[in-house]
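Just below is one structure, and these are the notes that go with it.
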Amino acid sequence: MVIKVFLASSSGSTAIKKKQQDVLGFLEALKVDYAPLDIACNEDNRMWMRENVPVEKKPTNGIPLPPQIFNEESYCGDYETFFDAKEDNAVYAFLGLPPPPGSKEAKEAEKAFILENGPVKNGTVENETVESETVENGTDDAEDEENLEAEEVEEENLDDDSLKREVPMDFNGDEHTHEVGGETGEEAAEEAAEEDAATEEKVAKEEEEAVKDTEEAAEDTKAPVKQEEAQEEVEDDEAKGEDDQPVSEGEEDLGSEEEEELRQLEEEEEAPEQEEEDE
C-alpha cells in the first residue's frame, strides 16, 4: 500500500506550502513510504484528486486544496484531519496502516483491545480460556447465579429480622414491639416536624435568655453612673446652700464698726483742710 500525497509545487500561498511541508516531514519522520503527486504540473493528477475527494469533504466552491492524502485509492483526509490524527497519536489509523510494534499508537491500540476483550496470553484471550476451563470442570454459570440469588434472599430475611428490636417499656409502662423499618412516611414526617418545633422553641428560649442577660448587664453598668450623678447633685446643692446662708448679727456689727472707723478717719483728714481754707 502506497500513501499518495497530492501537492502543488508552484503554489503562491504560504499557508499551503507550510501545510505540505508539515505533512511530508511527519511522514518522513515516521518512515512511512509515500508518493508525492504534483497537481500544478500534471493535469491528470489534479483531475484525479478532484474526482476522488468525497463530496462532503470538498469546500463550498467544489475545488479541494492541497495537500490531500490517499491510501492507494482510498481517501484518508486533508491537512486538518491529518493534524487532528497527529495530535491524538492516531496517524497510522488515519493512513489505514498497522502501527509498528513498540510505537505509542500500537501501545494505545493494545490497551484498548485489552479493555474490550481482556488480557491476551499466549496469543489467546484469557477470558476465552477461563470460560473453556469452567465448562470443562462442569460448572454452570446459571447454577451459580441461582445459588447467589438464594443466598441474597436469605441475607435479606436475616436483615429484616435483625431490624426488629424489643423495647421493654413505653412511657405509659406498657410493653410493645417497635419495628425500625416499619414506620410510614407520614409518621416520619410528623416526627421530623416535632423535632423542628422543639428545636425552634429551644432556640427562642436561648435568645430570650441572652436578651435578659444583656439587659441586666446594661442595668448593672448604669447603676454606678446614676450613683455618681446623684452624689454630684448633692455636692452642688451643699455648695449653693453655703452661698445662700444669711449673715449673722455679729458679722453685721463688725461691718458697721469698720464703716464707722472709716468715716471718722475721713472726717479727721478733712478737718485740717477746712481750717486752712478758713484762714
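Just so it is clear, glycine is given a Cβ too, placed from its N, Cα and C backbone atoms.
Features as listed in TrEMBL:
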COMPBIAS  128-160  compositional bias 'Acidic residues'
COMPBIAS  161-181  compositional bias 'Basic and acidic residues'
COMPBIAS  184-198  compositional bias 'Acidic residues'
COMPBIAS  199-229  compositional bias 'Basic and acidic residues'
COMPBIAS  230-279  compositional bias 'Acidic residues'
REGION    115-279  region 'Disordered'
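For the compositional bias 'Acidic residues' (184-198), same-chain residues at least 6 beyond its ends with a Cβ under 8 Å from one of its own Cβ atoms do not exist. Sorting the compositional bias 'Acidic residues' (184-198) by DSSP state (H, G, I as helix; E, B as strand; all else coil) yields 14 helix, 0 strand, 1 coil.
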